[in-house]
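J.: One structure, pasted below without further comment.
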Amino acid sequence: MSVPDRKRALEAAIAYIEKQFGAGSIMSLGKHSSAHEISTIKTGALSLDLALGIGGVPKGRIVEIFGPESSGKTTLATHIVANAQKMGGVAAYIDAEHALDPNYAALIGANINDLMISQPDCGEDALSIAELLARSGAVDVIVIDSVAALVPKSELEGEIGDVHVGLQARMMSQALRKLTATLARTNTCAIFINQIREKIGVSFGNPETTTGGRALKFYSSIRIDIRRIGSIKGGENFDIGNRIKVKVAKNKLAPPFRTAEFDILFNEGISSAGCIIDLAVEKNIIDKKGSWFNYQDRKLGQGREAVREELKRNKELFHELERCIYESVQASQVPAAACVDAESRQVAEAAK
């Protein structure tokens, strides 16, 4: 078949498909603008936003946050909700664990008066509510807390001790098949919080796994593994927070397996000032000599906590350091592009 004939045959096939399934059912990827634009919601931790590679969690996708107990899963999800609201968006929280603290959510920055919350009786109801909210197209982010608490209706109606093999996994697989396309069409972000369990009889490799079967692992565009790695001491040697380490276990939108660390303080959630300090020291924007932190010719303070308080007071300095960090990250990406351009010029010159 000649090239003109193939072109006419393709045009006829496209015309028939659009007639059969509607306009826009098939198109060139380059002309599909939404394929290039990924809108995101910030996580509240600049180090995690940079590790994700796209500046936050993506809208129109499924995100899984998993980790052990008291590792900051709900805190991270609530920060994402708060940031979505600050952008003028609408957020919904499906509290299957019946454990969301409104006072703590408000302390983090969530507008609890505008935050929609549902506490369904069974897993099918929770996932149906999430699908209906996403289908409305009016919700920016939906948090499901947690997958482990999504109890299938038949298990709820049965007796304690009854065996229900694979029931939750089948429920999740069926729901995610419907939910994925709806989220992409309405540009809604769904965040599933998940717990970890240990496989029995595993001698080699990682014995940890997440609940709900394999479907969520496949359908998630981003999987965030969050762990507590230490405590933060305050006055009189009391714990005032936790040091958190996050690993991007899966990422369909940027290189995976990047890590980030940040602080979660009990009285404010994720410490954005702490993230700025860590990144600024790492990028040599802030000079750390002993216990003193210096920025240009200015002494910021002695000790990390003193600098944190200074950045919380001085928002102008906070945003200046944040801008310097972004500029440093962008500058570090330039040499790779420059090398490609130089190589292209060499190839072009050799061809001459």
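Every residue number used here counts from 1 along the chain in the order it is shown.
Glycine is treated like the rest: Cβ placed from N, Cα and C.
According to Swiss-Prot, the protein has these features:
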BINDING   G67, P68, E69, S70, S71, G72, K73, T74  ATP binding site
J.: Can you give me the residues near the recorded ATP site, meaning same chain, not G67, P68, E69, S70, S71, G72, K73, T74 themselves, Cβ no more than 8 Å from the center of the site's Cβ atoms?
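T.: Here the non-site neighbours turn out to be I226, R227, R228.
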J.: Between the binding-site residues G67, P68, G72, where is the Cβ count within 10 Å the lowest?
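T.: So among G67, P68, G72, the binding-site residues given, the one with the fewest Cβ atoms within 10 Å is P68.
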J.: I'd like to know which of the binding-site residues S70, S71 has the most other Cβ atoms within 10 Å of its Cβ.
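T.: The residue with the most neighbouring Cβ atoms within 10 Å is S71.
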J.: Tell me the Cβ contacts of E69 (ATP binding site) under 8 Å, same chain only and six or more apart in sequence, or just say none.
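T.: Long-range Cβ contacts: Q195.
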J.: Within 10 Å of the Cβ of T74 (ATP binding site), how many other Cβ atoms can you find? Include all protein chains, please.
T.: 23
J.: Per DSSP, to which secondary structure element type does K73 (ATP binding site) belong, with helix, strand and coil as the options?
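T.: Reduced to three states, the DSSP call for K73 (ATP binding site) is helix.
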